[in-house]
Amino acid sequence: MTQLYPQYKKQLTTKIVLFSALSLLMMASLPNTYAEQYPDVPVPFKNGTGGKVENSLYVGLGSAGVSWFRLDTDKTGAGWQKVANFPGQPREQAVTVVLAGKLYVFGGVGKTNANDTQVRALDDAYRFDPQTNQWQQLATRAPRGLVGTVATTLDGSQAVLLGGVNKAIFDGYFTDLASAGSDEVRKSAVINAYFNQAPADYFYNRDVLIYDPQKNQWKSGGLLPFLGTAGSAISRMDNRLILINGEIKPGLRTAAVWQGLMQGNVLEWQPQPDLIGAETGSAQEGLAGAFSGISHKTVLVAGGANFPGAWKQFNRGHLYAHQGLEKQWHQQVYALVDNQWRIAGKLPQPLGYGVSIQGPDKVILIGGETTGGTATSAVTQLSWQGGKLHIE
């Protein structure tokens, strides 16, 4: 059997890029003399969320539980300060959008209440006011479960949410596992049935969700013209959204990059160059949990994780594409320059599933997990200046 499901097959073409010795030196990670180093987060921090209000960074949830922390970037010597605890249930993979000086936190994966017996795709929403240091649960629910979702804003007044798992299928998987109890045969059957499906059969969200806080209402921003993704990275450049990679089914990522431009009330999408391989001459498997942002009109993508060999198994007809494969965390940093991706340098360590916050012409990477899933508290700043990557 050669190829199954060609409509999902990623064209894993290899691109040979020759670098001179001088070019290799130029793309090496150099200290950024214009940036002040930020202190570590007080706790090992991964699968959380966060945002930036004026000159302060806010992060919380994930491995921090219900805790949230604030760093005044004008007074970094004071370190991270604890703010009010999140009033809802602990959760991972929530998303945050800053609108009119307030943090709006949506969804994630966790229990609906303290007595719940399993985790679920959550659809609730909360607002944090930095001026009063108070949280409020909003009287609304997202139209979809929000796990693996990404979120941003185009105008500072409304949130745009993209992608994520199908709540019924996701929740059902954990329900079925719980029902199997200690019966290993039943558990194995549940696991194989869940992972042994084509990408389209997971029904990842393709609806563009727009939340208007003034009306406390949700509306449609159109439909993605491609398979929904989970764990993508997202950046905003002017009035455009850049959606980068993500998984199209559990364990199988895509190298695709898309640009969304608001036309009227909907986003219209155009394909961008696929992300290149992590090494010269290698194919890109696609990334989930990567960091991204903009520096001097250049899109930067860093870290993330995948299962090398998953596409090879999938194209041989093995729908459980990552079965038997080892998850790999990455440290490469990519830059989109003149509409072409290049390998710009490397992070200090392999890293993914942290928080990306857009700074003034820099990308702030907060926390994340490194090889083996170990949480880190490090804060790293990336910028692109003079055709070079700078890391602080």
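Every residue, even glycine, has its Cβ placed from backbone N, Cα and C.
Model, not experiment: these values are computed from the prediction.
As given in Swiss-Prot:
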SIGNAL    1-35  signal peptide
REPEAT    56-100  repeat 'Kelch 1'
REPEAT    102-155  repeat 'Kelch 2'
REPEAT    157-192  repeat 'Kelch 3'
REPEAT    193-238  repeat 'Kelch 4'
REPEAT    241-290  repeat 'Kelch 5'
ACT_SITE  Glu247  active site, proton acceptor
REPEAT    312-361  repeat 'Kelch 6'
REPEAT    363-392  repeat 'Kelch 7'
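Only residues 6 or more beyond the boundaries of the repeat 'Kelch 3' (157-192), in the same chain, are considered here, and those with a CB under 8 A from a CB of the stretch are 95, 97, 99-100, 104, 106-107, 117-121, 123, 142, 144-151, 202-205, 208-214, 221, 224, 228-230, 232, 234, 241, 243, 246, 267, 320. DSSP classifies Glu247 (active site, proton acceptor) as strand under the three-state reduction.
Neighbour list (Glu247 (active site, proton acceptor), Cβ cut-off 8 Å, at least 6 residues apart, same chain): Gly148, Thr229, Ala230, Gly231, Arg253, Thr254, Gly286, Ala288. Taking Cβ pairs closer than 8 Å, the repeat 'Kelch 7' (363-392) reaches residues 26-32, 34-48, 50, 52, 57, 59, 62-63, 289, 291-296, 298, 300, 302-303, 328-329, 333, 335, 337, 344-345, 347-357 in its own chain, all 6 or more past its ends. Each residue of the repeat 'Kelch 2' (102-155) gets a DSSP state, and the totals for helix, strand and coil are 0 helix, 26 strand, 28 coil. Secondary structure of the repeat 'Kelch 4' (193-238) per DSSP, as helix, strand and coil residue counts: 7 helix, 19 strand, 20 coil.
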